[in-house]
Amino acid sequence: MKVRRRRNSSLDDNSGATQDRPPLLKLVAKDNLRDYKSGQRGTEECLKLSWNHIPGRNCWPAVVIAAGLLLAGVIGLFHAWCVYSIHENLLWFSHLKEVEREISFRTECGLYYSYYKQMLKAPSIQQGLYELIHDNTTESKRTINILQRMNIYQEVFLSILYRVLPIQTYLEPIYFYIYTVFALQTVYVIALFITSWLLSDSWLAGALSGVWYILNRVDTTRVEFTISLRENWSIPFFALQVAAITCYLRPQLKPIHQRVVLWLVFVSTFCFCLTWQFNQFVLLVQALIIFTLDCLDFFTAEQVVSLYLMQVLSLLLVWLLQFCNSMILGSLVLSFIVSALFIKHFQTGLKTGGFAIRVGKLALHTVLVLTLTFTINYSAKKILQLKSDEHIFKFIKAKFGFGATRDFDASLYLCEEAFGLLPLDTFERLAGTVLLYPYLCTLSVLFILLLLVALSNLSLNGSGQASGEREDRTFRMRPDVAYNLLHTVFFGLLAFSTMRMKYLWTGHMCAFAAFGVCGKEVWSLYLRVLRCNTKTMMRLIRYSVPIVILAFLYYKFWPRLMEEISELREFYDPDTVELMEWIR
């Protein structure tokens with residue numbers, strides 16, 4: 001017969017004490033330990049509770065948000081007023097005759113405005129839409145569907161809005177048109193403000209990005225003299241979409257907030273696609289960014305699929321509104337997204353294994369996606385007999401030296417200065433407003449950090465054993481920061497290759513540089529190197545540096561900006577006016 005001896009936990013070592021205790025004693029020990037810890041933190045918790053119960057303390061975040069949004073609106077409206085004043089003083093627009101105002105819309109700008117004017121002159125909205133769908137005046141001896149061939153839904157929407165609203169008595173149609181375009185510039189600045197604010201958690205970054213955008217107006221927008229261009233309608237929606245994606249990728253965002261932000265992503269993407277014919281190429285660059293961050297394990301599978309679906313749904317809705325335009329179905333971005341989702345669904349275990357195995361899997365994954373993309377795209381164009389966008393690919397092929405082309409449209413693009421390389425004097429102007437230097441510092445530091453975090457993510461086996469380590473490493477490069485970093489890199493390369501596309505890059509460049517100045521990511525690395533990374537020092541730098549930069553910009557550029565706004569010129573083109581009168 002064996003007799004079990006009771007061990008004295010007070011005499012034995014600590015390794016066996018807890019195992020021999022009955023469950024009741026374990027509970028008592030846990031309660032005592034909790035009371036002990038609570039006693040240590042008692043003073044701290046009391047102070048926190050006392051601070052949280054101060055009257056008005058809970059309203060402070062709402063006050064900060066309201067103040068930030070108000071400042072964003074003020075800066076956006078100021079920019080809209082600046083471009084309107086420059087446009088007015090450049091042409092003396094309010095003193096021109098109607099025919100002179102209309103011929104001030106040069107090249108295709110006048111064509112787009114003519115459809116707005118045609119809708120207003122139609123006896124009814126239905127009759128105006130019918131004339132656009134059965135247009136026989138744009139192309140000689142041909143009847144075409146303008147809504148299918150061109151992105152003019154903005155003109156249609158504005159003409160309907162002008163008819164419905166009671167504003168005909170005190171606002172002329174042409175002013176309603178240009179005021180709307182200038183108002184979209186307000187939306188653009190607010191979107192940049194919000195993007196930098198979300199990245200840095202400081203609305204000082206938003207103010208700095210807005211000021212930089214206004215001072216670099218030569219390189220960020222050309223709305224004051226090309227009002228009707230499609231990019232002036234679409235890029236504000238694209239900036240709003242980037243702000244929504246940045247908000248969607250923020251860590252610890254609640255599910256209900258994610259759904260609301262996803263709807264905003266969809267609406268802004270749809271408006272962007274509906275208002276510009278180059279939407280498919282811009283979305284292709286964005287899809288490549290999402291694909292890259294998915295391969296490097298910065299995004300979750302839910303985030304990747306959601307962002308892809310927002311792009312696909314927007315394109316398909318535009319396809320329906322443009323009377324089943326086959327060019328959208330044959331777009332490269334649609335083929336790429338379908339291929340990426342298909343391969344991702346069937347290629348399981350992509351993020352498992354060691355570093356070498358994962359790199360090999362990702363290389364195979366990329367090859368499969370690209371192969372399937374070109375296969376689907378080639379098949380779709382053959383089935384749909386689509387040749388309308390071939391000149392663009394011929395232009396790209398000839399531009400990068402892969403062979404000459406005899407295509408007229410492609411050769412015309414090659415002759416245009418706007419489709420050439422980005423001039424070097426652009427960087428001199430950006431450096432003159434102190435934008436280029438913080439941008440390059442932020443870009444270089446965060447790009448190196450992105451590479452290190454990507455290598456760290458690929459080194460993990462993906463089995464969940466190192467989840468805590470994964471969270472720590474991902475936090476050092478948040479998904480929203482990683483997205484905006486690759487966004488500025490990819491669209492920067494696009495701007496370098498094609499000068500006209502710089503307007504997709506320079507606006508976001510202002511927001512990204514402001515984030516670098518006011519955010520914690522870059523400064524924390526610098527302060528760690530200097531061994532003075534304290535909360536006080538971080539707070540001092542984050543608030544003092546942007547204020548100093550804003551003061552310097554105000555001192556140096558405010559008189560110059562006011563002088564530019566007050567400069568008076570006059571529109572004078574008597575030959576064209578005489579020609580238009582003769583045609584009438």
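Glycine is no exception: its Cβ is also placed from the backbone N, Cα and C atoms.
If you look up TrEMBL, you'll see 1-21 marked as region 'Disordered'.
Listed by sequence, the residues of this chain that lie at least six past the ends of the transmembrane segment (59-86) yet keep a Cβ under 8 A from its Cβ atoms are 178-179, 182-183, 185-190, 193-194, 197, 203, 206-207, 210-211, 213-214, 217, 221, 223-224, 561, 564-565. Here TrEMBL flags 59-86 (among others) as transmembrane segment.
Annotated transmembrane segment per TrEMBL: 174-199 (among others), in sequence order.
Annotation comment: TrEMBL describes 260-278 (among others) as transmembrane segment.
The transmembrane segment annotation in TrEMBL covers 316-342 (among others).
Positions annotated as transmembrane segment by TrEMBL: 362-380 (among others). Within the chain carrying the transmembrane segment (362-380), a Cβ under 8 angstroms from the stretch's Cβ atoms is held by residues 291, 295, 329-332, 335-336, 338-340, 342-344, 347, 350, 386, 458, all 6 or more beyond its ends.
According to TrEMBL, the feature transmembrane segment maps to 436-460 (among others). Taking Cβ pairs closer than 8 Å, the transmembrane segment (436-460) reaches residues 296-298, 354-355, 358-359, 362, 427, 430, 466, 469-470, 473-474, 476-477, 481-482, 485-486, 488-489, 509, 512-513, 515-517, 521-522, 525 in its own chain, all 6 or more past its ends.
Same-chain residues lying 6 or more positions outside the transmembrane segment (505-528) and placing a CB less than 8 Å from one of its CB atoms are 188, 192-193, 195-196, 199-202, 204-206, 208-210, 212-213, 216, 219-221, 235, 239, 242, 430, 435, 438-439, 441-443, 445-446, 449, 477, 481, 484-485, 487-488, 491-492, 494-495, 534, 537-538, 541-542, 545-546, 549. Annotation comment: TrEMBL describes 505-528 (among others) as transmembrane segment.
The transmembrane segment annotation in TrEMBL covers 540-558 (among others).
Within its own chain, the transmembrane segment (174-199) has Cβ neighbours under 8 Å at 68, 71-73, 75-77, 79-80, 83-84, 87, 98, 101-102, 113, 116, 158, 162, 167, 205-210, 213-214, 221, 223, 227-228, 232-233, 235-237, 239-240, 242-243, 246-247, 250, 480-481, 484, 507-508, 510-512, 514-515, 518-519, counting only residues six or more beyond its boundaries.
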